[in-house]
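Enquirer: TrEMBL lists these features:
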DOMAIN    41-290  domain 'G-protein coupled receptors family 1 profile'
TRANSMEM  25-47  transmembrane segment
TRANSMEM  59-87  transmembrane segment
TRANSMEM  99-120  transmembrane segment
TRANSMEM  140-158  transmembrane segment
TRANSMEM  197-223  transmembrane segment
TRANSMEM  235-255  transmembrane segment
TRANSMEM  275-292  transmembrane segment
Amino acid sequence: MENSNQSVPNRFFLLGLSTVPHLQVLGFLVFVVIYIITLSGNCLLLFTVRISPKLHTPMYFFLSNLAFIDICFSSTILPVILVNTIYKDKSISVGGCVIQMFCALLLGATECVLLSVMSYDRFAAICRPLHYSSIMNMRFCIILALIPWIAGFVNSSIQVPITWRLPFCRSHHINHFFCEVPAFLKLSCRDPLLNEIAMYTAAGTIVLFCFLLTFISYVYIISTLLKLRSSQGKQAAFSTCVSHLTVVTLYYGTIMFNYTQPRSSQPRESSKTVSVLYTVVIPMLNPVIYSIRNKDVKKCIRQTLQRKV
């Protein structure tokens, strides 16, 4: 432990996505646009759900939670990317790195579990419509909304301390754009086998359990939809399900790629590219996917804008 403390520097250096000047300028502009879309889209979704009584249902309650997580997630990652892109000093303090790593793990795992909770909500709405209001009562919805946060907090509370017990004497330059656990394991001059086992176990448990719950929910949902006689009802239900499955596939797939591959077989550049997808792109896509494909949300947004005008 004493050697470990001596090998932790005062600051680390984030190498970012590219060192080519014109690509850095282009990347800065792209990430500014993405951040604006992410914040405006998720804030608009939160605002619309908040002021529209028609949207005060369990589905939009969980969707509001997802929007809040995406705002926090992107705000944990994107400002650091933007600052490191325009400034020559790409360093980050140890405290800042610890906080960013903790928040990223917390929010990432929370969103992962919340997506499976949302699939259960769709299962209850489509497969148990007569009992939906009694099943998804407000108390149960609050409990379901707290479970993802508890799971994310436990995950971060385990992963972050054991990561920072490693001696980082190989290098203090992180070939990444934020403080992510897999990138730090490559800096350790001690074999991080136990850390890798803990990381694989946590990622496998959370992602596979959530994927299994989502898969089972949608097996029942699809079998129920196929029995519906109303083509309009099928289309509306399928539209909602396709939106959710799109987000789930993108999110679970990218996280599994980064957190369950052996360290030696994972190319650094592909790891960074995949990280961009679930930390930057998906938080931007979530409100777009759910809003554009949802008639109720679009209608409430139009009515809100018309009242304002």
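A Cβ is built for glycine as well, from the same backbone N, Cα and C atoms used for every other residue.
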Enquirer: Under a criterion of three or more Cβ pairs within a distance under 8 Å and sequence separation of at least 6, are the transmembrane segment (140-158) and the transmembrane segment (59-87) in contact?
Expert: yes
Enquirer: Which residues, given as numbers and ranges, are at least 6 beyond the ends of the transmembrane segment (25-47) yet have a Cβ under 8 Å from it?
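Expert: 17-18, 63-64, 67-68, 70-71, 74-75, 78-79, 81-82, 85-86, 280-281, 283-284, 286-288, 290-291, 297, 301, 304.
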Enquirer: Which listed stretch (59-87, 99-120, 197-223, 275-292) has the most C-beta pairs under 8 A with the transmembrane segment (235-255)?
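Expert: Stretch with the highest Cβ contact count: 275-292.
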Enquirer: Find the member of 59-87, 99-120, 197-223 that has more C-beta pairs under 8 Å to the transmembrane segment (275-292) than any other listed stretch.
Expert: 59-87
Enquirer: Tell me, roughly as an integer, the mean pLDDT over the domain 'G-protein coupled receptors family 1 profile' (41-290).
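Expert: 86, rounded to a whole number.
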